[in-house]
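Over in TrEMBL, the protein carries these features:
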DOMAIN    B:6-81  domain 'Glycine transporter'
DOMAIN    B:92-164  domain 'Glycine transporter'
TRANSMEM  B:6-24  transmembrane segment
TRANSMEM  B:31-52  transmembrane segment
TRANSMEM  B:64-83  transmembrane segment
TRANSMEM  B:90-110  transmembrane segment
TRANSMEM  B:116-137  transmembrane segment
TRANSMEM  B:149-169  transmembrane segment
TRANSMEM  B:175-196  transmembrane segment
Amino acid sequence: MSLLYTLDLIGTAAFAASGALAGIRRRMDLFGVLVLGLVTAIGGGTLRDLLLGDNPPFCFRNEGYLYLSLGVALLTFVLHRHLGGFRQPLLFFDAIGLGTFVVIGTEKALHFKLGFLGAVLMGVVTATAGGIMRDVLANQIPLILRKEIYASACLAGAALLALFIRFGVARSPALLVAAVTVSALRLFAIHFNWALPRARD
Amino acid sequence: MSLLYTLDLIGTAAFAASGALAGIRRRMDLFGVLVLGLVTAIGGGTLRDLLLGDNPPFCFRNEGYLYLSLGVALLTFVLHRHLGGFRQPLLFFDAIGLGTFVVIGTEKALHFKLGFLGAVLMGVVTATAGGIMRDVLANQIPLILRKEIYASACLAGAALLALFIRFGVARSPALLVAAVTVSALRLFAIHFNWALPRARD
Amino acid sequence: MSLLYTLDLIGTAAFAASGALAGIRRRMDLFGVLVLGLVTAIGGGTLRDLLLGDNPPFCFRNEGYLYLSLGVALLTFVLHRHLGGFRQPLLFFDAIGLGTFVVIGTEKALHFKLGFLGAVLMGVVTATAGGIMRDVLANQIPLILRKEIYASACLAGAALLALFIRFGVARSPALLVAAVTVSALRLFAIHFNWALPRARD
């Protein structure tokens, strides 16, 4: 099992847990919590595959993603009152997932012959669309559109990877540096409370 | 015209009426009511076909679904003040639609070579995604994520059908038993006010 | 560069500006404003291409649409306090975009062998789905579903074009008359404050 696939599974599990917690906070029932966990974990990659025309989407060809997401969401539902100590590690694994999803999405889009900007956007979509769907289903303005550096970190990493590949950098270091950039920016942003500017009134 | 197709049309009409009523309750204009009726009736099957890569979706190959949905939504708009007596029958036809959509979606997904869990989820998507879209457009947390046994009935019926097919049960009884299971669970849930557990605080 | 393509770019820019303004009003950060601008400008055509199975969608094959939308959204973000005098022209360009998107979508759907009602709906989807996505992301009931003649103008123009094509009217006048019908209805509706009926209580 490659390192990238391992990181992909870690990120999927972290995203599923964050989606399930959002459902629990909104007082959804078991089914709602499972749906929010699943959609958060696989929504971004599924939308990417729909846009690329790669049917059926990845998680229906490797159902491991479905079992993992639903399993983690179920565990989160059952154990959520005992998960207080997992908040910090969850942010860490979430950042790992973010970096991994960005490089997987950008690389796949380039493989499907998209241009520079299209591939960068596909990396961002892969990493962020699941969280946006989670917030839409929970009837909230997506967090990512309001006050986090979250998406900018994805944008930076995706652009870096697309540039690396255009200039012939070897695949492994290119993926690694781009993914670490995203994860590190995300963790720094949480730690130092960075934010993007808003339009002035 | 087969029994399955007849039930499919009944379910489509019932879903269109429920979508139109949601639009009327939210004080939408005629166009909004038509959109909500249409999206509720065909949204689930359309999303399923997008995910399966079966383009264009079913309702664009057989426009009867479009005419039926828009026609029912229009009738509901015009006559809604005289429909008080139809509330009970509507719940009944809605339950029939639920069972029919589940078995159609699950069987189609298996035909497209999806695995067990993927096919079960496609059955659930076919039956529930239209209602979720309706609630998102009406700016509400989807009802189904909060407090109904609705989706669990779909899950049970889809799993039953996938198991029947895996173990070689003949098609007609398999479809019938699975669809009746969904519809009956749904009607029992309404009658006895069943609900799924929520996470405890 | 054809007239239709020129109008298409004008409409794309106007839609991107309206999306960016919606994001600014909802106090989103820079990333949110860019997403809302992009989604409003390309969301309709992208959904149409997904439904038609034409992958990847138009804006990933001609990235000019992506650069234009993001550039306009960025400019709107930076300059929005100095754009007071552009409100009226923006409504005008928005109406031009509406007419153009309707005829492009309807014609493309007929080219993909959709039937009459399917093609008309695709024209409406092309012109209105981006705005609906904008409102869903901004956590509001889509404006178009509540109180504007907006969508009805699209419906009328799309039906007109589909009829013209069915009865063999030459392409250029057919497109022109249909597009002008949509834009003019939209501008009249704003000017005279027309509205569709709502269901009575």
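From the backbone N, Cα and C atoms, a Cβ is placed for every residue, glycine too.
Same-chain residues lying 6 or more positions outside the transmembrane segment (B:90-110) and placing a CB less than 8 Å from one of its CB atoms are 4, 7-8, 10-15, 17-18, 44-45, 48, 52, 54, 118-120, 122-127, 150, 153-154, 157-158, 161-162, 165, 175, 178-184, 186-187, 190. Within the chain carrying the transmembrane segment (B:6-24), a Cβ under 8 angstroms from the stretch's Cβ atoms is held by residues 32-42, 64-65, 68-70, 72-73, 76-77, 80, 86, 90, 93-94, 96-101, 104, 130-131, 134-135, 138, 179, all 6 or more beyond its ends. Mean model confidence for the domain 'Glycine transporter' (B:6-81) is a pLDDT of 94. Distant neighbours of the transmembrane segment (B:116-137): 15, 18-19, 22, 35-36, 39-45, 47-48, 51-52, 97-98, 101-106, 108-110, 143-145, 150-151, 154-155, 157-159, 161-162, 166, 182; these residues of the same chain sit at least 6 beyond its ends, with a Cβ under 8 Å from one of its Cβ atoms. Proximity of distant same-chain residues to the transmembrane segment (B:149-169), defined by a Cβ-Cβ separation under 8 Å and at least 6 residues beyond the stretch ends, is recorded for 98-99, 102-103, 105-107, 110, 116, 119-124, 127-128, 131, 143, 175, 177-179, 181-183, 185-186, 189, 194-196.
Per-class residue totals from DSSP over the domain 'Glycine transporter' (B:6-81), listed helix then strand then coil: 65 helix, 1 strand, 10 coil. Helix, strand and coil residue tallies for the domain 'Glycine transporter' (B:92-164), in that order: 60 helix, 0 strand, 13 coil [DSSP].
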